[in-house]
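I have placed the structure first, in the form of structure tokens, so that the comments after it can refer back to it.
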């Protein structure tokens with residue numbers, strides 16, 4: 001291949017390469033132009049949206065400010081109305097209290113007038129007020145339920161009604177003197193009335209205490225008649241109603257707890273307590289029985305041991321003191337030996353004594369003593385068992 005042909009082929013390739021490069025550039029330029037146009041459109045749209053949102057935000061701020069102003073105005077009006085209602089309520093309460101105090105003052109004046117009229121009459125110095133059937137509180141109870149502030153306020157109002165201003169401007173000396181005497185007489189009168197009322201209150205308190213005690217005693221008797229506890233009717237609450245026929249002879253007054261204890265094993269305990277109580281009563285009855293007193297022996301009695309008392313009465317006292325201590329088990333072998341020794345001594349003494357009649361009487365008495373001793377020993381054995 002020649003040099004011209006090679007140059008021609010290289011120039012042709014360069015031209016084609018340049019064309020391809022230009023084509024690519026033109027395509028890129030067109031794409032860039034389209035992208036720029038699209039971006040401008042998007043930017044314009046975003047700006048319009050942002051502008052619209054800002055306008056909306058401004059409108060919302062304006063409406064919110066208007067709403068806050070309206071709520072503040074409404075709250076202010078509500079507070080003014082509430083304050084006005086509170087003032088009106090206070091005013092109404094003051095007027096009602098003033099009216100009540102005026103009425104109470106009128107009643108007090110009427111009561112004082114009635115007391116003056118009844119001073120010459122005789123009668124009870126107390127009155128009993130009945131409670132309302134509806135359970136309403138009495139005036140005294142309402143008075144006790146008042147707070148300290150209410151009482152102070154009522155006191156101020158009543159003092160403002162009773163104590164009138166002293167107008168002494170322009171008075172001469174004579175008028176001032178007469179006014180002072182008048183005030184002095186008023187003070188004396190008030191102190192006298194105060195003392196009389198205090199004494200009357202003391203008498204009424206005493207009468208009330210006496211009436212309460214009398215009522216309490218009557219209720220105790222009434223409860224005992226009904227078979228209840230003496231304090232059942234004197235408590236705060238009335239007793240339970242017994243649901244039982246009035247024709248029944250016995251009424252079970254035991255409580256639910258007492259009956260429950262019986263089912264939980266209390267019946268056996270009750271029986272055991274009853275048996276122990278009965279046994280203690282029988283023991284006391286036996287120990288407190290009347291003991292027979294035998295006549296005193298003249299001389300040395302038969303069967304007397306060293307250390308025994310001189311008479312059977314002293315022996316009985318010794319036995320009674322020994323019964324309080326712990327009883328020992330009987331020893332039958334020793335008793336048999338003692339009985340044999342006593343019989344031998346009795347035989348010897350019977351020979352010494354004169355007369356067969358006297359010896360027979362002594363033997364009979366000794367036999368009676370032995371029988372009594374045997375009976376006592378048997379009873380002691382029964383008690384130990």
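Any Cβ shown, glycine's included, is placed from N, Cα and C.
Where the annotation comes from TrEMBL, it is an automatic prediction and has not been curated.
Some features that TrEMBL has for this protein:
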{"type": "REGION", "residues": "1-27", "note": "region 'Disordered'"}
{"type": "COMPBIAS", "residues": "16-27", "note": "compositional bias 'Basic and acidic residues'"}
{"type": "COMPBIAS", "residues": "42-56", "note": "compositional bias 'Basic and acidic residues'"}
{"type": "REGION", "residues": "42-127", "note": "region 'Disordered'"}
{"type": "COMPBIAS", "residues": "63-108", "note": "compositional bias 'Basic and acidic residues'"}
{"type": "REGION", "residues": "214-263", "note": "region 'Disordered'"}
{"type": "COMPBIAS", "residues": "246-263", "note": "compositional bias 'Basic and acidic residues'"}
{"type": "REGION", "residues": "286-385", "note": "region 'Disordered'"}
{"type": "COMPBIAS", "residues": "298-308", "note": "compositional bias 'Basic and acidic residues'"}
{"type": "COMPBIAS", "residues": "323-349", "note": "compositional bias 'Acidic residues'"}
{"type": "COMPBIAS", "residues": "357-385", "note": "compositional bias 'Acidic residues'"}
| remark: Reduced to three DSSP states, the compositional bias 'Basic and acidic residues' (63-108) has 46 helix, 0 strand, 0 coil
| Using DSSP, what's the helix, strand and coil tally for the region 'Disordered' (214-263)? | 20 helix, 0 strand, 30 coil
